[in-house]
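Novice: Have a look at the structure that comes next, please.
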Amino acid sequence: MLKLVENVVERVSSEETKVQEVQVPQSSIDEELKKIVEQIKARIHVVGVGGAGCNTVNRMMEVGVTGAKIIAVNTDAQDLLKVKAHQKILIGKEITRGLGAGNDPKIGEEAAKESEREIREALEGADMVFVTCGLGGGTGTGAAPVIAEMARKMGALTVSVVTLPFTMEGIRRAKNAEYGLKRLAKASDTVIVIPNDKLLEVAPKLPIQMAFKVADEILVQAVKGITELITKPGLVNLDFNDVRAVMKDGGVAMIGIGESDSEKRALEAAEQALNSPLLDVDISGAKGALISISGADVKLEEAQQIIEYVTRNVDPKAQVIWGIQLEPELEKTIRVMVIVTGITSRYVTFQEETPAPSEEETTPVKIDIPEL
């Protein structure tokens, strides 16, 4: 058996160093097979809503997300103009005149409802929709739940990925975020929550502007990680139905990320992911887990260590799915991203609906703007 392994390793290494052109005759049904593959391919749309959501999709366009349509949605025309996306939608033109929602979630909600037809057209045909935003402002907080509800009613697996505001951003944004998160959790199959305050535990001396960029990057990694396990050829890919099984009606989810380049890199990366400050919950009751393993040269033994470690820490009946992406730029590092679903979180309770923040709390200072 060992000799067989050595022979395979030698052959593959030889093939990688000396690429040979091999002419493979085309089968008569190849074209038909290509059409079928194209038809059954999962159609994934990523919708960034509001300022933070648009920052996230802008970053996604920079790094690239294989097999996803990127859509930017905002009430602020000036901000939307700067964003890179496959499609842009300025919502609430009548209500906001392209000037934004003024930190009022009610205006964001009404803007999305006003532009329902455009949003539905953009979501048409999607099998899976990611809705990403930063909660606490007006557009993301108000419009994201409306968009998520539309996507879900249209039959798409709907996963929202959101950040909660830093404490330093004030009580008004915190109240807005609480209201928006409860509505979003009800509108989505799964909502992945990233508390920005937890970033400060990782790097307490991080400059404010850099902290926001780190939050954006975590959103990007979450969406890109899940999407490319389905769409991008890798060492081990996930079937869309596997992802649906874990995230359909998955409730509240949280994410942990870890990486290591030591001798025990696999186990250390898994431990870091599950002990990440971002994963601020007891995961022993988690009903599902999605594991994304990335590295330049991930070994089978290492993948097994990671999967076994995560499986031991969640509910014994939890559905655990995993995939491996080859990322040459990681060199000797293994990165592990774990998303646990069906958890109980202090950030979301469904005992009562939080009322929309009062006008006094949310209305910005009135500025007379002359009619153009």
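We count from 1, first residue shown onward.
Cβ coordinates come from backbone N, Cα and C, glycine included.
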Novice: Swiss-Prot records GLY51, ALA52, GLY53, CYS54, ASN55, GLY138, THR139, GLY140, GLU169, ARG173 as GTP-binding residues. Which of ASP197, ASP216, ASP239, ASP242 is assigned to the same site?
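Specialist: As annotated by Swiss-Prot, GLY51, ALA52, GLY53, CYS54, ASN55, GLY138, THR139, GLY140, GLU169, ARG173 share the GTP site with ASP216, chosen from ASP197, ASP216, ASP239, ASP242.
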Novice: Swiss-Prot tags one of 100-120, 352-372 as region 'Disordered' - which one?
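Specialist: That would be 352-372, per the region 'Disordered' entry in Swiss-Prot.
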Novice: Counting Cβ atoms within 10 Å across all protein chains shown, which of the binding-site residues ASN55, THR139 comes out on top?
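Specialist: Result for the most crowded candidate: THR139.
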Novice: If you count other C-beta atoms within 10 angstroms, which of the binding-site residues GLY51, GLY53 is the most crowded?
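Specialist: Counting every other Cβ within 10 Å of each candidate, the maximum falls on GLY53.
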Novice: Counting Cβ atoms within 10 Å of each candidate's own Cβ, which of the binding-site residues GLU169, ASP216 comes out highest?
Specialist: ASP216
